[in-house]
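Structure first, then comments.
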Amino acid sequence: MTVLTDIPEKWLPVVLPIKKKKKAGFGGGKSKKKRTEEERRVKANDREHNEKFQYANNCIVTSKYNILTFLPVNLFEQFQEVANTYFLFLLILQLIPQISSLSWFTTIVPLALVLSITAVKDATDDYFRHKSDNQVNNRQSQVLIRGSLQNEKWMNVKVGDIIKLENNQFVAADLLLLSSTEPHGLCYIETAELDGETNMKVRQSVSVTAELGDPNNLASFDGEVVCEPPNNKLDRFCGTLYWREKKYPLTNQNMLLRGCVLRNTEACYGLVIFAGPDTKLMQNSGRTKFKRTSIDRLMNTLVLWIFGFLVCMGVILAVGNAVWEREVGSLFQSYLPWDPPVDNFMFSAFLSFWSYIIILNTVVPISLYVSVEVIRLGHSYFINWDRQMFCSRCNTAAESRTTTLNEELGQVEYIFSDKTGTLTQNIMTFNKCSINGQTYGEVTDPLGKQPKRLDFTPFNPLANPDFCFYDEKLLESVKVGDLHTHEFFRLLSLCHTVMSEEKSEGELVYKAQSPDEGALVTAARNFGFVFRSRTPGTITTTEMGRTVTYSLLAILDFNNIRKRMSVIVRNPEGRICLYCKGADTVLLERLHPCNQELMSITSDHLNEYGADGLRTLALAYRELSEDEWEAWSESHRCADKATDCREDRLAAAYDKIEQDMKLLGATAIEDKLQEGVPETIALLSLANIKIWVLTGDKQETAVNIGYSCKMLTDDMTEVFIIGGHTVQSVRQELRSARERMMELSRGKTEGMEAWAEACFMGNGMKDGQEGDCTTGRGSKQLHCSSLPPSASGDMDSISGEFALIISGHSLAHALEADMEAEFVSTACACKAVICCRVTPLQKAQVVELIKKHKKAVTLAIGDGANDVSMIKSAHIGVGISGQEGIQAVLASDYSFAQFRFLQRLLLVHGRWSYLRMCRFLCYFFYKNFAFTMVHFWFGFFCGFSAQTVYDQFFITLYNIVYTSLPVLAMGVFDQDVPDHRSLEYPKLYEPGQLNLLFNKKEFFICITQGIYTSVVLFFVPYAVLSDATQSNGVPLADYQTFAVTTATALVIVVSVQIALDTGFWTVFNHMFVWGSVGSYFTIMFALHSQTLFRIFPNQFRFIGSAQNTLLQPVVWLTIALATAVCVVPVLAFRFLKLDLKPQLSDTVRHTQLVRQKRRKPGGRSIGGAWRGTGSVSEGRLGARGGSRRSGYAFSHQEGFGELITSGKNMRLSSLALANFASKHSSSWIETLRRKKTNHTPPSTSGECSPAPSNVSGTCPALSNSSSVLGGSQETPIEEETDAAVVLSSSSHPAASEPAEPRAPAQVAPVDSSTSAAARTDSPGGWARSLETVQEALFGRRGCASASNTQVPPCDATETPPH
């Protein structure tokens, strides 16, 4: 037998990436290969031969531990955390009696608790991984062993085995299809676990093995396969079968991959080529990564800093001890001799250093980490319990599958989403059609009588009862026998690749390769042209009750370049006809010249369908003579057998026959999105979250969905399509896109500047005349600072809405090391990015690329096994529990049933979690520095002897009892604004993205406040009590009085501080805050009672000290003074900050208060985010200015036809207020964003991102405005406007000053009691209110759009001066 000895050159692109991947390895599977595999040789039915190559077995291992390795590996992982190592080191120090001032149990108990809780959680997670692995590995498979079929577990299947698969069984490994029970060795598979597509695909065996259907024949099969090594390319396989001295080429069409399901095929046999971790499914699965939040990483850094600070304090106090022992302590050695080990002052200082390290370690107590885990657990339960994230249709609740990432949900900047099953329901419906110039399916006037759903059963017993259509005219046209209508539906019943399964007489089940095809064939079925069955050479239909069998002469299949599909059939009368359907741009140009008039009418219909967001196809046919068919058939056979340029030759042959066709009409398919997807994407975009769609689907399908879900819009500046097949072409296309962006940005900037000058001149301002740019008279709502910067060579200067669409083969080049920076800079300048035909591993690589270059928090969301690697790679993985199995859910950190729940997960739970965690950490560090630094100051007054200020029990209980529960309550329950306000004002999400609430700066502010508090708590009591006396003249300057006074003041001060920090009070907050203060006094009096002294005389010596101290008025005055000195500066600072530089959350709260005051008794209730959006869908979004697009993945490669502009159905109300409210208060956020992120272009649309809105530049567009994205529809525009005016008056002019100088805001405050009168009676009052709303809606966005439309919106809304 002749075999290959060298690697074929065509395999090199496949082999080389594998060498790189092997280094990373795969988390599961135990492969024994000792070298990089360069090619694979598999001999059928010969295990001994194949075992020489040490190929991986079929056992899958995704777990991390086993019984023996769990304890050491888990402890090793936990002690990689700096904090755990730090506390272990302190524990060792506390075990040394010469230096320990505190008992060892104060550290070991909480440390053991933390380690145990974490270990139990990790063990539970790994248990479920083991359970899942065992479930898969123990599945049964029929293996041909020694001539007979035997049941074997999947884990025992070996490379080279022959396996029998039966209908609806999962494929156990990557198999070469040998034979099938279907004719010609065909079989049908479903690949949802691989690429997310639920449609069926066809595979065919090599012709020479197709007849080996009997186990006896297969047992004697000894062919050898030489193929490429294991790789992750799902759509490619290259190999050769050697058998009986002949060789046969193998392609991906001969392979059944692990994860597929056999459908509509009784049985088939396959040869195992790749097993276990070598299968393409597992090669595309990323390693399970330990995910850690940015706050965790920051805390590790801060712990190191604090430890360094602790060492510095220890060194200072140790030096002080050395000096004191040498200068002072030596004078009375006879009274206070050193302990036996100490013989000089240097050794005393050395021991003092370690003693102070132990005493001062409470700056970071281990209770911090226990508290963090408890808070995260509480946040996870809130997600699980959220009824607004419960899908009643699926009976599925949201689930937080991890407790470590909650606060990072509030910092997401990039979302990477799958398409099929995530954004869409993967359901297509036949909606409208055009036949011979007549359109059908139009919906009547919404104000008129709604049409009834057609009942097809009396007309056609084979009709699908689930099919919905409302236009009776089309059914009547079919019934009367209109020839064009019959030919239209005949085409739909013949021109497709759908498979039919007839379970019982008349019960048809269609398995379509595309959901679009299924919808079209189902439509033909209901209108009397029923596709019944097919063989490789025939198609059987039932036409108007009559069975007709057509001879299938040829299938001219679809590809991305052709964008059309044709079939050539011969009917029973012998007439040969070509039927074609495809994208209108490629099909209309192939029509016979006599079709001009019909083509013009049909094009108008296509434009109307595109404006409704439907996926369109054009249909045509051509009759062929016998001579034409014979001539073309011969040329087609020659092209098919060509060894070089086969694809080009076939394309030329197809193009030759698809000419001079006659137009039949067009179809319009509705691709049903999941509920609320467009609104969710719009809302997340307003929160400055960028959404990228990474899909394995065809480019045209993904683009259509992009338009449907409003990621892509017709008013975008430009949509760039990257489709190069070489590195040079992709680089050139990316550069051209960037140059075009900068060119358009420069033109836009110049146009805006010219228009701004015209606005000023039109308002009577001369050159050099000073005017109020912000609120000029006459309602000129132009912001000087809103003009975009002049476009330079830097991508940051780009302004405009761009989109980028890139295919998988182009993305492979873009992800190369020397091009990834160009790709990132181009893509991140775009508002929307869609990556098509990407492999699962490419999805993960895109996520890793953004993580590497942008340092941004990423979230990946998907619903299929093909999304697992992306979900694992992102900082946060979200699984949709949809129609494609549970692989994505099992690999995810969070899961729910609908994409729309993502907005609540991020904007409510994520933002709250981040806010709570940041407030918790700030307060925790503050209270512990305030507590610990008192020991530092006391060291200077106790001879640096490591004496503590507080007694040991207070030190032990301070972080466990006195201050633990209040901060936990704040960390679990606190919120700045209610949930519906978080959705109404998405700009509230931005502080988390910029990490503003807890960073190194905030940390230093907290510890500075803590140090200041410790200074006050030490020196105020020290100064007062040093000269104070009791009423009987006895001095109060004793250690216990000072300790009780300082401890009491500390507890009261930190309790008052947390009361000030708490923004949302619950019964738990009240109970814990005031209960902790009460528990302090209770425990303190108990510790100083006679009862405990009698039981433990050596431990509780100070009887009645607390009672005696707290009975002195001077002590309470001291405590009150210390509290005032600590708290009053904080209050003053916060009031000034609220007045001078309020945050957006402050203005939102103020808005809420104003609304509550103005609300009538029993008035409206504020709904959730989905109030008012239910009517938007009704199966389809409202009419939009659309572009013509084609369904069934037949679409346009460049551009999308003629753009049709119309109004939008999404309006603004409360979002407009958010824009206005943040106009001044969030300008500092925008300034910081421009400084901090070099990838985000400066905002040209105001501080609040624009929502899709019906902005026409005229006043009437604002009447009856309602928020699609949140709020209530019942809110009148007057109330919203008045609230905006009141909001503006609450901000000091200083807060509105941006980085560049401009005039301060001059909006006058409006009293709520007179605002209604001002609106109704005074034209000036109404004008002022209108100005406010117009500024909120059109402030910058309006100016930006003016340069495109050349109609300044400010002129349209101009009101006369008053």
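Yeah, the Cβs are placed from backbone N, Cα and C, and that goes for glycine too.
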Region 'Disordered' per TrEMBL - which of 197-218, 439-460, 527-548, 1341-1362: 1341-1362
Contact call for the transmembrane segment (920-941) and the transmembrane segment (1113-1136): at least 3 Cβ pairs under 8 Å, seq gap 6+: no
Candidate ranges 1003-1024, 1039-1060, 1113-1136 - greatest C-beta contact count to the transmembrane segment (953-973) (under 8 angstroms): 1039-1060
Cα distance (Å, whole number) from Asp418 (active site, 4-aspartylphosphate intermediate) to Gly696 (ATP binding site): 8
Among 302-324, 1039-1060, 1113-1136, stretch most in contact with the transmembrane segment (344-370) (C-beta, under 8 angstroms): 302-324
Intrachain neighbours beyond the transmembrane segment (1039-1060), with Cβ under 8 angstroms and 6 or more residues off its ends: 923, 926-927, 930-931, 934, 949-951, 954, 962-963, 966-967, 970, 1013, 1017-1018, 1020-1022, 1025, 1073-1074, 1076-1077, 1080, 1084, 1102, 1105-1106, 1108-1110, 1115, 1118-1119, 1122-1123, 1126-1127, 1130-1131, 1134
Segment confidence, the domain 'P-type ATPase C-terminal' (889-1142), expressed as mean pLDDT: 90
Among Thr420, Arg615, Gly696, Arg837, Asn866, the most crowded of the binding-site residues [Cβ within 10 Å]: Asn866
Whole-number Å value of the largest CA-CA distance among Asp418, Lys419, Thr420, Glu517, Phe558, Lys581, Arg615, Thr695, Gly696, Asp697, Arg837, Lys843, Asn866, Asp867, listed as ATP-binding: 32
Densest Cβ neighbourhood among Asp418, Phe558 (recorded positions), 10 Å radius: Asp418
Separation of alpha carbons, Asp418 (active site, 4-aspartylphosphate intermediate) and Arg615 (ATP binding site) (Å): 20
Nearest of the binding-site residues (Phe558, Arg837, Asn866) to Asp418 (active site, 4-aspartylphosphate intermediate), judged by Cα-Cα distance: Asn866
